[in-house]
Amino acid sequence: MSLLITNIKQLIQVHEHNTTIIKGSDMKKLPIIENAYLYIENDTIIEFGEMNNCEGFDAETIIDATGKIVLPTWCDSHTHTVYAGDRTSEFVDRINGLSYAEIAQKGGGILNSAKTLQNTSEDELFEQSLQRLNELIAMGTGAVEIKSGYGLTVEAELKMLRVIKRLKQESLAKIIPTLLAAHAIPEEFKSKKQDYINYITDELIPKAAELNITNFVDVFCEEGYFDINDTEAILKAGQTFNLQPKLHVNQFNILGGIALGVKYNALSVDHLEEINDNDIEALKGSNTIAVALPGCSYFLSIPYTQARKIIDAGLPLAIATDYNPGSSPSGNMNFIVSAACVKLKLTPEEAINAATVNGAYAMGISNMYGSITRGKKANIIITKPMNHYSEIPYAFAHNPIEHVIINGQQV
Ligand SMILES: N=CN[C@@H](CCC(=O)O)C(=O)O
Ligand SMILES: [Zn+2]
């Protein structure tokens, strides 16, 4: 199977040498070839260059991309795409004045989603999730992290992980599963939180590790959820099964979760709507990437991550959707790239770097995904006709995509 894309107006995020992370001021650079071609065999990028050098390819399929932009598919490194039902009634409650915290205190929020998920069959959960996954792929995402975390019991968490595994088997997209071991404290454990921590460390983590489908462990380190000691106990338990942290930290309060994540070699620390100088210092010199989730800030009307502070300190940044029923019910990375420009004050180049190479880094897959590089996976977006790639974030809430190609196949 071979595919040649010709007359590409701008081929963007092109790297001769494999690039696996882009930091600080380098995020302002986005390598481009104007009037380019791209040649793919099976699931792999084989060659690219200027159109006047496009010779000697005997491709089975040719796509003429005159007037169009070609770029790597989005790498969405933080989602909760597997969930059951929705939380539209809480959405209306918030419009009418209740806060996210007040809704959670009344037994809504994550506990509400957990109850629905526990009462949903595995097949039904799979069908609902597959539909969401297919929608986000059609919007240009080719690699996506999916967390468990709406189970809150061993049985329901394993059900979520099996559904993620099935999605992984049945979808063309690259799926990275994460065990979100500690997302909320169930009602029956409210007055005995330590028992729940023990349940997570002694039962959930070992049983989840037995399934052998995830390399990552996540904790919602936040007031009213899991404090810094709880988080450390869970990370230690994860470490014994080689689970690397990817953490929910600093969404509403600064508890020191970023420094703790760095201490445990977290791949990413995500949310960061609240961030101080100590957090920035903790990230410097580490292998941990900050992930901003502007869809959550938009939907909950909470502060946006101070992305400039992070990038201007020389650090790398990724952006992701946080697709979930409570705080960000959208898996549209095009909107996230736009929100990163408008609200986080990223340039289009920085936003695209954050959503491609750095998103892939935040899933541990940037050696094979996130850029147009020979030998990398052929995961490609072809846009509708446009004059410049900046139109992708500029025309917010508009669908810029004409074709999505994953593993060399048009979806
Ligand atoms: N903050 C924790 N977890 C999710 C939201 C969970 C929910 O409200 O269902 C998040 O990343 O925003
Ligand atoms: Zn999340």
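Placement of Cβ uses the backbone N, Cα and C atoms for every residue, glycine included.
With Asn324, Gly326 listed by TrEMBL as binding N-formimidoyl-L-glutamate, the candidate from Tyr150, Tyr196, Tyr199 annotated for that site turns out to be Tyr150.
Of the residues the record lists as binding N-formimidoyl-L-glutamate, namely Tyr150, Asn324, Gly326, the two whose Cα atoms sit farthest apart are 11 Å from each other. Residues Arg87, Tyr150, His183, Gln251, Ser327, recorded as binding 4-imidazolone-5-propanoate, reach a greatest CA to CA spacing of 20 Å.
Each residue contributes its Cα atom, and for Asp322 (Fe(3+) binding site) and Tyr150 (4-imidazolone-5-propanoate binding site) those atoms are 14 Å apart. In this structure, Gln251 (4-imidazolone-5-propanoate binding site) belongs to neither helix nor strand by DSSP; it is coil. When the Cα of Ser327 (4-imidazolone-5-propanoate binding site) is compared against those of the binding-site residues His78, His80, His248, the shortest separation belongs to His80. When the binding-site residues His78, His80, His183, His248, Gln251 are ranked by how far their Cα is from the Cα of Asn324 (N-formimidoyl-L-glutamate binding site), His80 comes first. The CA atom of Gly326 (N-formimidoyl-L-glutamate binding site) is located 14 Å away from the CA atom of Gln251 (4-imidazolone-5-propanoate binding site).
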